[in-house]
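The block underneath contains the structure these notes are about, expressed in structure tokens.
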């Protein structure tokens, strides 16, 4: 079974051995505002996008394109000050009841307390793969780059070029992988004070509203999916290398450093949550 799975991965790689670069960061061209009634704004000739949240509503946007594999970068500056109760979500997601999804969620906190970076992966509608981290900097003081590498072999979450999490393709062990559903990029800023901060104990302070998150320098080296076909062709070459990219020894060491010093929750270590045994992928992830 492992050999047939490897053959399938090789076939996928050959079929899409190229990439289309969505040129860095024009929000007017690459994205559309989906909700918020004026609370989301594209500024500076498409170079900056802001989302705002007040007591009446949050706001959000999504990519014009759908992608099937890629390396996605976005710079974010998160809600400053007392952001308790707010969530800034930045994620890839497909449609339907058995959707795929790759999540960055930034859970706000009281002034002076650290943000929590919440990550999750859904395959065929099943999630429950949460890992949470503190960050080693103040994500509200300046822009930082949050990246998703998604190829047929793995998904890697990175912050400012440092990998923090890797989810490998383990279809050979019966774990569904995200390989057949194209996904759009989504982002939203919304009120989740029923759970976001200290399990919902700390509520949103609306006297500090409006809350604002900012985005810039979007870049996608990716296969664009349109009308049932990929923009990547078997006759092109994967110049960027992301389609077969893996973590080298230095990157693995940096990821272990982050996980040792900044990871605060790992579903693969939560034996109370999974009394029947940890998920299969946890044995080698």
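Yeah, the Cβs are placed from backbone N, Cα and C, and that goes for glycine too.
Keep in mind that TrEMBL annotations are predicted by a computer and have not been checked by a curator.
Feature annotations, courtesy of TrEMBL:
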type: SIGNAL; residues: 1-24; note: signal peptide
type: DOMAIN; residues: 21-215; note: domain 'GH16'
type: ACT_SITE; residues: 101; note: active site, nucleophile
type: ACT_SITE; residues: 105; note: active site, proton donor
type: CARBOHYD; residues: 109; note: N-linked glycosylation site
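Feature annotations (TrEMBL) mapped to structure.
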{"residue": "101", "record": "active site, nucleophile", "Cβ contacts under 8 Å, 6 or more apart": "91, 92, 93, 94, 120, 121, 122, 127, 183"}
{"residue": "105", "record": "active site, proton donor", "Cβ contacts under 8 Å, 6 or more apart": "87, 88, 89, 90, 91, 117, 118, 119, 120"}
{"residue": "109", "record": "N-linked glycosylation site", "Cβ contacts under 8 Å, 6 or more apart": "83, 84, 115, 116, 197, 202"}
Per-region confidence, the domain 'GH16' (21-215) (mean pLDDT, whole number)
95
